[in-house]
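Here is what Swiss-Prot says about this protein:
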REGION    1-21  region 'Disordered'
TRANSMEM  29-49  transmembrane segment
TRANSMEM  84-104  transmembrane segment
TRANSMEM  149-169  transmembrane segment
TRANSMEM  180-200  transmembrane segment
TRANSMEM  323-343  transmembrane segment
Amino acid sequence: MSDEKTEQPTDKKLEDAHRDGETAKSADLTAAAVLLSGCLLLALTASVFGERWRALLDLALDVDSSRHPLMTLKQTISHFALQLVLMTLPVGFVFALVAWIATWAQTGVVLSFKPVELKMSAINPASGLKRIFSVRSMIDLVKMIIKGVAVAAAVWKLILILMPSIVGAAYQSVMDIAEIGMTLLVRLLAAGGGLFLILGAADFGIQRWLFIRDHRMSKDEVKREHKNSEGDPHIKGERKKLARELADEAKPKQSVAGAQAVVVNPTHYAVAIRYAPEEYGLPRIIAKGVDDEALALREEAAALGIPIVGNPPLARSLYRVDLYGPVPEPLFETVAEVLAWVGEMGASGTPGAEPQH
């Protein structure tokens, strides 16, 4: 049936969807970018963050409550909170920037409020049931299960690897605990980023496939869009005809005036040859045309009394020469015969034997 959506979406269909805020993207890829950027940031600034983290731990554990305990505790908490904010704010800014870049890399720049508009279908129970049992929902469920199993397995494996460090931290100093904590955090971010990168790459492929699938078109929609884009075929043909007429009018009008002869095909081609040694050392093509243009050149030549020579092979060969260009060397002999015949005819006033074709 023509209503079945079996055709791939056109470029215009995809552009319209993008303009409406509908794009293929994977949240897992964005999460991977954030986690890996966090890992890289901590690895590059480990010494700075380590010092600040140790200072915070010292501040939290070294509270002198011998005098004014309540005031001392308030000051300590306020100072601790301020230092924590100052330490995490740049990290949060970097994470937000990386998340935006990762999303932009997948979707491009999208400025649309349509995705947040209220749609009646969203509160329609029938539409809700249809969405629940849709292919996209089933795929999302499978992805959720796979992601949960993968994350659980990765966390368990990481715990087994890091368990000695975690247990040993109980016997370490505060400074050593801070260093161990930074190392564990970097490893966690690296492992999480790698896992979500793999999941995100697969998810992006799935999202792209679903996006194309959801925007498939019927044959009628493709025809209608093509008609709207290109216009009605009859009108399009009229436009082309008008464009040809305007192009013909814009062409400089050719004339055979000054030519020694016009070589014809006999009706399809007409080429005017001029030979004036004082102007140019070789014979030149000063006018040429096919069909209607050829007929006009023949009529003008007849009116001006310029000899018309029927030589189909020569006419076709000369027509391929650029306008106002010289006669090519392979045609010298044949053109010379034509010009000699024209000269004899002009000298005697009566036509002689036409040159052999």
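Note that the numbers count up from 1, one per residue, in the order the chain is shown.
Yeah, the Cβs are placed from backbone N, Cα and C, and that goes for glycine too.
Among the recorded stretches 84-104, 149-169, 180-200, the one sharing the largest number of Cβ pairs closer than 8 Å with the transmembrane segment (29-49) is 180-200. Counting residue by residue with DSSP, the region 'Disordered' (1-21) contains 9 helix, 3 strand, 9 coil.
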